[in-house]
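To keep things clear, I will list the structure first and then write my remarks on it.
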Amino acid sequence: RESDHRAWTPVSYTVTRQNAVVQGLTEGKAYFFRIAAENIIGMGPFTETTKELIIRDPITVPDRPEDLEVKAVTKNSVTLTWNPPKYNGGSDITMYVLESRLIGKEKFHRVTKEKMLDRKYTVEGLKEGDTYEYRVSACNIVGQGKPSFCTKPITCKDEIAPPTLDLDFRDKLIVRVGEAFSLTGRYSGKPTPKITWLRDDIVLKEDDRTKIKTTPTTLCLGILKSVREDSGKYCVTVENSTGSRKGFCQVTVVDRPSPPVGPVIFDEVHKDHMIVSWKPPLDDGGSEITNYIIEKKDTHRDLWMPVTSATVKTTCKIPKLLEGREYQVRIYAENLYGISDPLISDEMKAKDRFSVPDAPEQPVIKDVTKDSAVVVWNKPYDGGKPITNYIVEKKETMATRWVRVTKDPIFPSTQFKVPDLLEGCQYEFRVSAENEIGVGNPSPPSKPIFARDPIVKPSPPVNPEAVDKTKNSVDLTWQPPRHDGNGKIIGYLVEYQKVGDEEWKKANLTPDSCPETKYKVTGLTEGLTYKFRVMAVNAAGESEPAYVPDPVEVKDRLEPPELILDANMAREQHVRAGDTLRLSAVIKGVPFPKVSWKKEDKEVSPKADIEVTGVGSKLEIRNTVHEDGGIYSLTVENPAGSKTVSVKVLVLDKPGPPRNLQVSDVRSDSCYLTWKEPEDDGGSVITNYVVERKDVASAQWVSVSSSSKKRSHMAKYLMEGTQYLFRVAAENLFGRGPYVETLKPIKAMDPLHPPGPPKNLHHIDVDKTEVSLVWNRPDRDGGAEITGYLVEYQEDGADEWTKFQTVPMLDCVVTGL
């Protein structure tokens, strides 16, 4: 029941334990409780709580403090901070207990006996190099709670931290002249770093306009009323014993530019316009010049007239001038931050001073080829301005339109090789000069020229020599000249001179009578010695002569025969039967030798075609057969000697028939064949033999073996009692030769032998004139069925046996005894 009510409210009727949970109570109110025991007889008396109970959460010790951190460490102190526990146990925290443990010891010891409520404490009086770990507990009215999680082991030593630097400014800073600016940031480091400010690598110091402020964690540089000279690369250095950090900022103090640099130069002056130029300002104010403002003024008037305010070039055309008037020009430079003071020019009168160049004189054409020509001209008057280019033009003589020969500039050369002419066409050329003012008038056209290669005399013939001679002639040969002079060689002139004479005589009168690179000089006198020379001729004339190196004595030459064998005259020549045999050789000798072909020292076959020419000989046999093989010899002979060469010719053909075919060891299902190799193997090794058989009643031959390399074969799988014929042929690389056949058929059957003796002969009955005999069949029948038994008897003591009779059965009664 509530303390201020008298009525009791039941909580539970079914509690069998010695405890119960009362729910549905209101926090802050006071209650009394009572309890009675009950059995099957009934309920006993109630027992009541002696005093009221106020409903509220139970008070416990606080939770463990959180976030215990080490904030600073020196060689003899440690500074710690922490946060309160998440739950204070239902009662305010009354104090914190900080404990430490020396690493290596087991127990924690309280650091201080003072009542600590601050959540920060510096433990002092520690020994340098010792290592501790710390924990902290919270206390309330109930007691001390669980300790926090321990710190990591902390060694007492002075903290060293490399510098850090956090800047509040960017890499670049632009400031107007007169304004102030500052560079700020934060830094840290242990031991405390040294701060240094530099501009363009020069250390900055405080003065009236430069202020430097440094706190333990911040740094600042301030510049008051900045000037252009304050521009530069600023650097702050944070440095201690562990290292350094740097921060940079490119500061540009900007202003309007200084005036353009004079004097104003009048590059061109004309009656209606001028072109002026100047130099940029020495100081652009720290910002790129965006444009120049140009104005002009007639010196007789006070009014400045604008020309342009939108040019970044340092040159400008001043237009719309009146001829003969004097003018001044003034120029301002402008950047993003303002306009400079002006640059004012001297006075200048508007009148023409320059013109385009004059026309060059008529050009001269030289070095003409089929597709190019060189145009040459003299430099004309340049009109007061330097010539910058020449323009060369061409046209075909019959055409009306001039065409520029190149788009590329031609300068300073006063000649140009014109390419891409069409061979055979006639061309004219003209030249114009160009300067800054423009292009002058063209020159008069050149004299017409035809585009074709110039023809000059050829170079001399090459390597003339005497290659043959007789008693009244000499044969000369040479090679064409190396250069034909760009003209076709019409022919050659040949001259000769008797040794001792001065006069050269012509062997031929006109070059076209000797178009080839050889000539036979005739009409010479036997026994005399001559010199020879040759000249090449084209449309431009005769070349220099080329001389035969040595004088030549005119007489018949005598040279022993010489044979130069062709490839088909190797030591051994193989020809397939049916192909054509060709033997040939080149023959030399003076006089030309007599030629004779032999085979095995006999005349060659009439079917051979023999051809003899002035340079060699050839033997040819078509449709060769095996008999055409043998040793062929070629003999050449003249008065100076003779020479013979031989070649072994093998006509490769199919082999001949095998010899001496024999059949032996005939059985009911096989027989054994033997033979000898053919007399003629066709010039090639026999690779295998082909064996065939034929039933005499059949017209068709059947293969027994086609790959036998031996000269014998066991013919198997015969039909017993059948008569067979056999034949064998030899094969080589060039085919199969003719067959050799057995002369008579062979019957497939086993050979016959006499039967063995009957066995177990004995009598079964005896009478006075006869005996009954029985016996058993013999062990072997000799290869044929037994047709009967011959019974003989012999009287005891006699020498001979007497035939009784032949019986078919295994018994017999011998009578007449």
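In case you wondered, yes, glycine gets a Cβ from its N, Cα and C as well.
Features as listed in TrEMBL:
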- 1-58: domain 'Fibronectin type-III' (DOMAIN)
- 64-159: domain 'Fibronectin type-III' (DOMAIN)
- 163-252: domain 'Ig-like' (DOMAIN)
- 259-353: domain 'Fibronectin type-III' (DOMAIN)
- 359-454: domain 'Fibronectin type-III' (DOMAIN)
- 460-557: domain 'Fibronectin type-III' (DOMAIN)
- 561-646: domain 'Ig-like' (DOMAIN)
- 657-751: domain 'Fibronectin type-III' (DOMAIN)
- 757-817: domain 'Fibronectin type-III' (DOMAIN)
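With DSSP states grouped into helix (H, G, I), strand (E, B) and coil, the domain 'Fibronectin type-III' (757-817) comes out at 0 helix, 29 strand, 32 coil.
Across the domain 'Fibronectin type-III' (259-353), DSSP classifies residues as 0 helix, 50 strand, 45 coil. Residue counts for the domain 'Fibronectin type-III' (1-58) by DSSP state, with H, G and I taken as helix and E and B as strand, are 0 helix, 16 strand, 42 coil. Helix, strand and coil counts under DSSP for the domain 'Fibronectin type-III' (657-751) come to 0 helix, 47 strand, 48 coil. Taking the domain 'Fibronectin type-III' (757-817) as a whole, pLDDT averages 89 in the prediction.
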